Amino acid sequence: MSSNVPADMINLRLILVSGKTKEFLFSPNDSASDIAKHVYDNWPMDWEEEQVSSPNILRLIYQGRFLHGNVTLGALKLPFGKTTVMHLVARETLPEPNSQGQRNREKTGESNCCVIL
């Protein structure tokens, strides 16, 4: 499929946690939530074991980061006419940026200061 990608489209190769992959064509105007809904509505037969109950819990991961629902493929500056790899996971909520690290620092009470005598 990836060899015949239209020049105005983006081919996404989605990888599940199980390692199964499937390719889908999208417009640069499609958002992460549009993609999740499309994949849910067109769930591949060989992914049947990983079927989820709702498109709202499908999350895309690109370059190690969760994509929020309103982010478009065009905003990510993905190359047109080429294949881009993303991971697809089922997750109820997205983590807040740096929230866990901040909480850990507050709990320890550690201070990073320097005393000059």
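Any Cβ shown, glycine's included, is placed from N, Cα and C.
According to Swiss-Prot, the features are:
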- 10-88: domain 'Ubiquitin-like' (DOMAIN)
- C113: S-palmitoyl cysteine (LIPID)
- C114: S-geranylgeranyl cysteine (LIPID)
- C114: cysteine methyl ester (MOD_RES)
*How many of the residues that make up the domain 'Ubiquitin-like' (10-88) does DSSP mark as helix, as strand and as coil?*
19 helix, 27 strand, 33 coil
*Which value does the mean pLDDT take for the domain 'Ubiquitin-like' (10-88) in this predicted structure?*
95
